[in-house]
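Before any comments, here is the structure.
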């Protein structure tokens, strides 16, 4: 057993007390990214090692692996703790997104070690999509590179507001304060182009030697700020979804018997309470919350992130993909939107193509109306293109086969994030973040039911020669 873990259990008074204490710790999800060979995997290995998260058999195995695959001579190659794929170990690079878990006395952590190579941008975007903080590694010898800018842009595009710029390999520049200051100023100049109000912090460190990772460095007396671990333990993550209006996407209609009909899902944002008046979209029908059912029994209220089942006072038509929100909120359904897209398929995204999309449990079909621009993620300039290639990022106009209820991704990632699915292979080929839902004059919600709208779309798609009118007034 890990000796540090054994000591923690003893201090808490037993396994059960320790597990209860773990449940009450806050959780921080973060990713490490940067240019190739900046030391991302080594940094994670150092965090695991210095927080005593490595079991004795793992440490013994690491000694053996360091002799066979290591790049640090007689020293432990801590990157081998993370680089699990054989291809990664042989090349000394990270290809897949590797997840690791550790905890300290103050917090629990989930780390995503993402690839640095440009051809693995899609892997990096996947890792960033669930994270709240990004550690951007910069080699002190090289300074701010194009890949550093690219990873910064992708992180902020996916809603990450907290950036920790870790200037690594300070031991190779003699722990120079001048080098640290120059890189810090260069990055801040670039960061002015990034969107949103960002919390940016800088830490000079050496992942290989352990300077300023989990303990203060004696080699950099000029730096009086916190270590990287202290930043991770103390950074305040404001959960945007808590303050947002109620959004409850229905994942499953739960009807175990004739006496119970509930709507199961995870509350995406806001809060809901018994007796609250709610509205179902896109139908627009209203009802009251009769019960909030959870695994631990009935509740009077529920908050964002909790998996619940809602029971309403009225028997109304609700199906998977419908959205429940407060009755007094006006949120129109739209049939088109501009979407920031990260393309993940070999076949480029082109105007005129159709894909299935999935958003908050709702699956429908979409058409690519046009590509406004592709972002050159090395310098953040925009250029006109005819199609969006593999790993390309751009702003795309989409039209949907049926009305959807959308939020901007920066406001609500659950109801603003979508994936593209190839209709033939059923493979996920892209990720989208709603930039702006495009409002248009649509039929009143009560005029047509969801079934009538779907049937109308089906007839127009498969039997165009019938000349059926679009109930929503579109061409």
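Backbone N, Cα and C atoms are what each Cβ position is placed from, and that goes for glycine too.
Pulled from Swiss-Prot:
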DOMAIN    25-239  domain 'tr-type G'
BINDING   34-41, 113-117, 168-171  GTP binding site
REGION    34-41  region 'G1'
REGION    92-96  region 'G2'
REGION    113-116  region 'G3'
REGION    168-171  region 'G4'
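Within 10 Å of the C-beta atom of residue 34 (GTP binding site) sit 25 other C-beta atoms, taking all shown protein chains into account. Across the region 'G1' (34-41), DSSP assigns 2 helix, 1 strand, 5 coil. Note on the region 'G4' (168-171): residues 34, 38-39, 43, 137-141, 179-180, 204-209, 211, 219-220 of its chain, located 6 or more positions outside it, place their CB under 8 angstroms from a CB of the stretch.
Its Cβ taken as reference, residue 37 (GTP binding site) is surrounded by 18 other Cβ atoms within 10 Å in the chains shown. In the three-state DSSP scheme, residue 114 (GTP binding site) is classed as coil. Within 10 Å of the Cβ of residue 170 (GTP binding site) there are 28 other Cβ atoms, across all protein chains. Counting other Cβ atoms within 10 Å of each Cβ, the lowest count among the binding-site residues 40, 114 belongs to 114. The average pLDDT computed over the region 'G2' (92-96) stands at 49.
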